[in-house]
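What follows is one structure encoded as structure tokens, with my remarks underneath.
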């Protein structure tokens, strides 16, 4: 474990220091995990020398673990409980499309056969019923993706591998490792074509492997992405005379179709029509025509054998057509599930249909043996109507399921199919234009964006000016102005201007793709509450079968034992009491519905997370939703979260030694802070350039060496200006004192402290040289956010590495109590503070944006990262707010999570109530009151229960933030309802005016000197 790393400069410094040692082959420093991995020859450099090199670079190490390799040792400066990079690299994430799942019993059956603890190499495995996807993390050397798919197929479902990607794509120093991609190749006819393509690909620089499959018309290519791009590969294949298409593009199309349930909806509609074509005539023959005397005589006509009637023969023939037609799908699914020891909803349906048909055939045989002249008791119409209702229910259910994923489908469809790039030397504008597929855009391309067109990749504008609509991706309401230097995001829509931008991120690395991946992962993951429905689903079908048999036997006994049995037995028609008991048994089997339980959670999660994404709130899974509803305390970082994170210099003062060398003083300050990635450093450089009359893009004319960042204190380096070297130290008082200089107290410094400014001290050549006072502007809706969270009953706190006076000023303006402010806290201290709050029993949500917030975000029960934050913070968070600067989305995210989780509980409650009422009703508990459930009605109720749960989840699409919160966001006035006494108070348009009181608590000199400043 290496402590003290705060930015990429830190990791670069460590990698450079270790890489310079003899015998060191590879060095990988991880900023997020605070870990360093070194591959080295132990006979040339030992572990003590490695630790010494890291500590000489200004960092601290804790534990070190060594693993021997064939050609060297790998020393790891890390916590020994963490998996090694070599182990992590072996993990593969595989996504598998699964067809045929209908209920929670289906997912339970698959997961029971793929339990990670029982299968070597399988680390995690989860199945999503709604998206029909399974996600598995596994060791490909022990368990292949094909083996996973085969195990799923053994459970009775169709499985297709969508993707199988190595979990870690980066190696030492952040350089991307080899990537493998698959192309569809069109035009190959023989083995010579295969050889031609393979040899042609291998001649392309950067391609290490190429395997072409003639039968599948695919080429699997392994290449170095920093040497060759996807478009280069396609062009290379085209030069050989063949057409190539990236396989991922067809996979995305298939997934869109899957999300829309297009195929399933079409198939179930066909099944329903087929069932209707048979069931309606069956129903008319058995339930309608017998009441019409002329037709009744025809239907009761004997056919060849005494006791065999025309209506029964026709009904049997129609039922046979039904069984070998529309019902075949149910029988195949039931057989596969029973074959592997599991039972699904299809088993119940097949039992109900089979019992109806079997009893009907048995009645016909008895009628023929006894030469019965009356109407034979048959259930052919029941079997037909049962299948009809179930098919109709499945049709509606899949149609509704398709609607649950509209938000995700819309996100996946945002990227355009093609783009226009400049082709020529360095992408110069006078070069020719070329239209290419979006997936073939490469980093460094210059893309021409015409008015009204969609942005195909992430990049930075190099020419032109326009307004871009980012509402579909980030939730921004108003179009944003873009000019040279502005960032553009894939999937957004250009306005009326034309702009050229240089591509920085493509394909799966774009912000849009990452959002889609986050939403997909969230919809695949399961909430803890779903364990209840999964456990119930595992035992549901066997229990229902048992209850059905119990119902039949119990009523067979009671109908003969009771002196006055229920009227249904006294008025029994043909077939007598046996037929009545069988009807009750079939009703029990048919009315029970595990589908409602299985759909309760995933449909709500899919609709809710999709809708949240469309509003700029990314929620990483169902477990996050559940924890978010339990949050009792919200902790905010200050800089960049409650404030804009753009520090500005408000006051500067220098000692008399430097007052006649102002330009040199500012040059030294700017040169020292120029490598820094901290907002304070950026502010100092911006202000220095203004003082020196330099443009933003101009560099400071000074050379720096030995740049070093001391976490929580400041920076230091050697600056050379016009041949003279200066040792410069910039930071807080403690940082300067550690280098032998002490800040002087004066009226200017006291005034800065009183105004709540962040004070940065400067020492040059070991002597105190002055200070700078900086402040940050508070976000417009910060006060409204705090007030909204308090109204929701949350305790609001603030933690910052800044000085106490500055923190108290911000806290006072936004409405946070002074006793809930922690200032001067280093990154590790924030994490310890969160743990201390959790130890007190609080469920903590941490809101932050920077690298120094990532440990606290990961430790908190709910980590919330603002969209303008760093990639590290976003990776560590559980929720991501995509709208820039919209801190009011914090209460929106919590309220939305509560609404989604509330819908999950409502769905589960409805599913449980339905089964608890419907099953006893079907079992005949209400027969003494003259009430019973016919099998046909039972089938309709079962279909309705599943559809009702999906429709209930779809109502989340109409969720809106409470009126009071919407009016706060709009800046209008609003009355809050008070407690039971009916008290009210008014939130005016300028909410912050409530807290903008003048005068601040003075801080004494000793307290001021002890105030550290986080870098």
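Glycine residues also receive a Cβ, built from the backbone N, Cα and C atoms like all the rest.
TrEMBL annotations:
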- 1-62: domain 'HMA' (DOMAIN)
- 92-160: domain 'HMA' (DOMAIN)
- 179-245: domain 'HMA' (DOMAIN)
- 271-292: transmembrane segment (TRANSMEM)
- 304-326: transmembrane segment (TRANSMEM)
- 347-370: transmembrane segment (TRANSMEM)
- 376-396: transmembrane segment (TRANSMEM)
- 536-558: transmembrane segment (TRANSMEM)
- 578-601: transmembrane segment (TRANSMEM)
- 908-927: transmembrane segment (TRANSMEM)
- 933-956: transmembrane segment (TRANSMEM)
Cβ under 8 Å, sequence separation of at least 6 from the ends of the transmembrane segment (347-370): give me the contacting residues as numbers and ranges.
305-309, 312, 315-316, 319, 323, 327, 330-331, 334, 337-338, 376-380, 382-383, 386-387, 390, 541, 544-545, 548, 574-575, 579, 582, 585-586, 589-590, 592, 935, 939
Counting Cβ pairs under 8 Å that sit 6 or more residues apart, are there three or more between the transmembrane segment (933-956) and the transmembrane segment (304-326)?
no
Would the transmembrane segment (908-927) count as touching the transmembrane segment (376-396), if touching means at least three Cβ pairs under 8 Å and pairs must be 6 or more apart in sequence?
no
Using Cβ atoms and a strict cutoff of less than 8 Å, what residues sit near the transmembrane segment (376-396) while being 6 or more residues removed from its termini?
102, 265, 268-269, 271-272, 274-276, 278-279, 282-283, 285-287, 307, 309, 312, 315-316, 318-319, 322, 326-327, 330, 349, 352-353, 355-357, 359-360, 363-364, 367, 573-576, 579, 582-583, 586, 590, 935-936, 939-940, 942-944, 946-947
In this predicted model, the domain 'HMA' (1-62) has a mean pLDDT of 67
DSSP-wise, what's the residue breakdown of the domain 'HMA' (179-245) into helix, strand and coil?
22 helix, 24 strand, 21 coil
With DSSP as the reference, give the number of residues of the domain 'HMA' (92-160) in helix, strand and coil.
20 helix, 25 strand, 24 coil
